[in-house]
Amino acid sequence: ITPAPLTIVFLGITIGTIMTMSSSNWLMAWIGLELNMLAILPIISKPKTTRASEATTKYFLTQAIASAMMLLSSTINVWQTGSWSILELKNKFSTTIMALSLMMKMGAAPIHFWLPEVLQGTTLQTALLITTWQKIAPVTLMYMISNNIQPTILVSAGILSMIVGGLGGINQTQLRKMMAYSSINNLGWTITIMAFSPNMALMNIFTYIIMTTPIFLMMTNMSTKTLQNLSTTWTTSMTMTLSIALLMLSTSGLPPFTGFMPKMLILNELISQKLTTLATLAI
């Protein structure tokens, strides 16, 4: 993509996310998400390969379905309450549909199937964009309506995401798919605690973004796409390989790394809410 269209594309992605985050109206939030989605499609399809075209189609279809669910949810809520305000989402059916649509946009289980495939079909830089920036707008919307969503829905989806993310990444040799499952697992923690402490959920997702960004940047720098590639980089760039290994341990929440802190706080919150069984399941 030449500089001028690239600038327009990145402006679209940035403005779309900021518009969604700053709006108090469902219609404006939806427009922001649509702008964001349409702007990222040229970036995903940039490599002229069949996999990239397939990834673009999958991303477009899932995001379009999620957007349609958002419109359905907000329209039903308007019929019931007469308000387009995000904070006025009172109808239980609307809230459930909205929660599912936001989970679909983020790539959380049980509607996570598109994420590993899309990441595998695109470049490392685009994969970084999808796993970090593209999650900010849906997480913000979920944060705004978290008081109205039934905790059972959030906890069920959260626990399922943790299980899928943990088990899905085990047998992978492709680093992009591993990072996709890592993202699903982390979303599980974020969604679970969203029901009880939304501020902690935000802290968790932003800590994850801060840790994931350097991993993708270093993988891009070394052109590593598989575990086999990563194992051979030890001889050429020992510092970078060691940094990636330590950052991966951090994202998995191993003490004494940074990634352990939000997980410890989340477990502490779940236990203080008398949800010891849930905390044990999360571990």
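Yeah, the Cβs are placed from backbone N, Cα and C, and that goes for glycine too.
Of all ranges given (6-26, 237-257), TrEMBL attaches the label transmembrane segment to 237-257.
Count of Cβ pairs under 8 Å against the transmembrane segment (56-76): among 96-115, 152-170, 191-217, 237-257, the largest is for 96-115. Non-local neighbours of the transmembrane segment (152-170) in the same chain are 96, 99, 103, 108-110, 112, 116, 146, 177-178, 181-195, 278, 281-282; each lies 6+ residues outside the stretch with a CB under 8 Å from one of its CB atoms. Listed by sequence, the residues of this chain that lie at least six past the ends of the transmembrane segment (96-115) yet keep a Cβ under 8 A from its Cβ atoms are 33, 58-59, 62-63, 65-67, 69-70, 72-74, 76, 89, 130, 135, 137-139, 141-142, 145, 149-150, 153-154, 157-158, 160-161, 163-165, 180, 183-184, 187-188, 191.
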